Amino acid sequence: MKTLSFFLLFTLITSSLSTVRSDPSNHRYKQGDLVPLYANKVGPFHNPSETYRYFDLPFCLPGDLKEKKEALGEVLNGDRLVSAPYKLEFQQDKESVAVCKKTLKKEDVALFRSAVRKDYYFQMYYDDLPIWGFIGKIDKERKDPSDYKYYLYQHIHFDIFYNKDRVIEINVRTDPNALVDLTEDNEVGVEFLYTVKWKETNTPFDNRMDKYSKSSSLPHHLEIHWFSIINSCVTVLLLTGFLATILMRVLKNDFVKYAHDEESAEDQEETGWKYIHGDVFRFPKYKSIFAAALGSGSQLFTLTVFIFILALVGVFYPYNRGALFTALVVIYALTSGIAGYTATSIYCQLEGTNWVRNLLLTGCIFCGPLFLTFCFLNTVAITYNATAALPFGTIVVIVLIWTLVTSPLLVLGGIAGKNSKAEFQAPCRTTKYPREIPSLPWYRGTIPQMAMAGFLPFSAIYIELYYIFASVWGHRIYTIYSILFIVFIILLIVTAFITVALTYFQLAAEDHEWWWRSFLCGGSTGLFIYAYCLYYYYARSDMSGFMQTSFFFGYMACICYGFFLMLGTVGFRAALFFVRHIYRSIKCE
């Protein structure tokens with residue numbers, strides 16, 4: 001069954017993503033052939049989520065306005081491609097060709113002026129190559145904002161490079177002298193023009209996307225990325241060295257001490273982690289939620305690993321539109337069986353009885369908050385008439401995927417987990433009545449321990465976080481997935497080690513309720529990442545407006561919650577391995 005699942009996974013992913021990747025056989029043109037140019041969207045430059053359809057602004061409409069059919073991932077990405085009014089035939093130069101002449105009414109002028117004030121840009125795709133430009137400019141020679149002048153660009157220049165029969169590169173620039181004054185609320189005439197210049201280049205077709213990834217591969221950026229990795233590696237080495245030295249020495253002393261205690265038990269006061277061996281494997285409270293969280297965390301961990309595999313093999317090259325979203329939806333649906341199997345298996349090991357309810361909880365523990373967040377944010381996008389609002393058909397497709405793929409696999413995984421009949425491997429017998437936990441100082445509480453546990457992993461990744469945020473919530477391009485994968489591995493190692501250390505100190509203080517604590521400490525890095533969101537939004541970005549703010553904090557809350565579940569699962573697994581190991585190494589009566 002596992003082999004079949006992996007086969008289906010890669011078949012669906014490759015089939016869904018191959019439609020996005022350019023096929024060279026479909027990108028050959030003869031002189032005079034019309035090369036497809038699609039207008040995508042417009043929006044404020046500093047608010048990447050707030051985008052609108054291109055013709056929401058009163059540009060010239062083409063005579064044959066057609067909408068391009070989009071794949072699932074492209075729709076989720078907010079792409080809404082329609083045929084553009086410019087005709088760019090292959091190797092055909094044009095000079096100041098008029099698209100249309102029109103008179104802008106007062107409301108049209110106000111609409112364009114508002115767009116210029118908010119620094120609107122437009123995005124188009126020419127033969128699958130992205131192009132951008134600003135729709136206007138503000139003259140700020142006078143210091144008083146009320147005296148600013150607002151201008152609309154009416155002449156666009158297309159510089160296109162070709163190699164034999166293929167388009168290699170396209171650049172767009174606006175004529176700074178061809179301007180229309182939009183400062184006053186008066187009707188104004190405008191003539192939209194465009195110029196096309198074709199130039200030959202030796203760049204091969206296979207390398208035409210390279211220029212979009214050069215910015216992230218510049219020596220300056222690579223130097224910062226490597227500094228981030230060195231910083232993380234030093235953190236890992238110091239932490240692991242400290243833990244290996246201290247814990248091994250302390251544990252060795254503990255083992256010697258407990259061996260002597262068996263000979264002279266009457267002279268020793270029972271203290272330390274050995275003397276709670278009858279309680280350390282007592283099952284936690286709220287075992288159904290605990291098992292569901294572990295199941296969902298295991299699924300998200302598997303999802304992340306598969307995404308990294310696809311990234312490292314080159315699927316997510318720059319402007320492979322919608323590939324990441326398609327992969328996320330498909331892989332999440334196909335890995336739901338892992339969540340069902342893990343959650344039900346653990347729940348049954350913890351002697352849970354209502355496994356069906358546990359399975360429902362597993363399916364909702366991450367998807368529930370994500371669905372509620374999506375409903376709210378999609379309503380906001382609909383109110384703004386933005387392209388981020390998903391069409392009804394796309395929502396139906398996602399619901400069908402969840403109903404026909406995710407839910408059945410979740411149930412099948414749950415049935416397999418229930419039938420596995422694995423027993424919880426506890427090296428010590430649990431006593432009938434729990435031992436009383438001694439009074440502990442405040443810094444041994446759950447919240448202070450979570451703060452300590454989350455800080456070190458976060459410090460190992462925070463430099464790389466800026467580049468990820470600038471890519472997801474800005475216009476930078478992130479392509480160095482190998483470095484990101486190394487940082488991810490470091491994050492897992494640090495999370496596991498710090499959770500193990502804090503678990504040992506907790507047990508040494510005779511606090512045997514370590515199950516939930518290890519999960520919360522492992523996942524606390526997600527809370528630090530969300531705190532970084534606040535810093536990034538107010539200190540490092542220029543985002544503004546209710547829609548952008550709600551999208552940023554809403555979806556980042558879901559992402560950080562996913563990190564909480566995933567890293568919490570990693571922390572608990574590491575702590576469980578450690579606890580089993582130390583209690584297996586002593587003789588418990």
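Glycine is no exception: its Cβ is also placed from the backbone N, Cα and C atoms.
Lifted from TrEMBL, the feature list:
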type	residues	note
SIGNAL	1-22	signal peptide
TRANSMEM	224-247	transmembrane segment
TRANSMEM	289-317	transmembrane segment
TRANSMEM	323-347	transmembrane segment
TRANSMEM	359-382	transmembrane segment
TRANSMEM	388-412	transmembrane segment
TRANSMEM	450-469	transmembrane segment
TRANSMEM	481-507	transmembrane segment
TRANSMEM	519-539	transmembrane segment
TRANSMEM	551-579	transmembrane segment
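If you look at the transmembrane segment (388-412) against the transmembrane segment (519-539), you find fewer than three C-beta pairs under 8 angstroms, all six or more positions apart, and that falls short of contact. Below 8 A, the CB atoms of the transmembrane segment (289-317) and the transmembrane segment (450-469) form no more than two pairs separated by six or more positions in the chain, fewer than 3 in all. Between the transmembrane segment (450-469) and the transmembrane segment (481-507) there are 3 or more Cβ pairs closer than 8 Å, counting only residues 6 or more apart in sequence, so the two stretches are in contact. When each of 359-382, 481-507, 551-579 is scored by its Cβ pairs under 8 Å to the transmembrane segment (519-539), the top-ranked stretch turns out to be 551-579. Remote same-chain partners of the transmembrane segment (481-507), defined as residues 6 or more beyond its termini with a Cβ less than 8 Å from a stretch Cβ, comprise 225-226, 228-229, 232-233, 235-236, 239-240, 243, 247, 250-251, 273, 276, 280, 304, 308, 311-312, 316, 444, 449, 452-453, 456-457, 460-461, 464, 468, 514, 517-518, 521-522, 525, 567, 570-575, 578-579, 582. Listed as Cβ neighbours of the transmembrane segment (551-579) (distance under 8 Å, sequence separation of 6 or more from its ends, same chain) are residues 49-50, 280-281, 293-294, 296-298, 300-301, 304, 365-366, 369-370, 373, 376-377, 380-381, 388, 453, 457, 473, 491-492, 495-497, 499-500, 503-504, 507, 514-515, 518-527, 529-530, 533, 537, 543.
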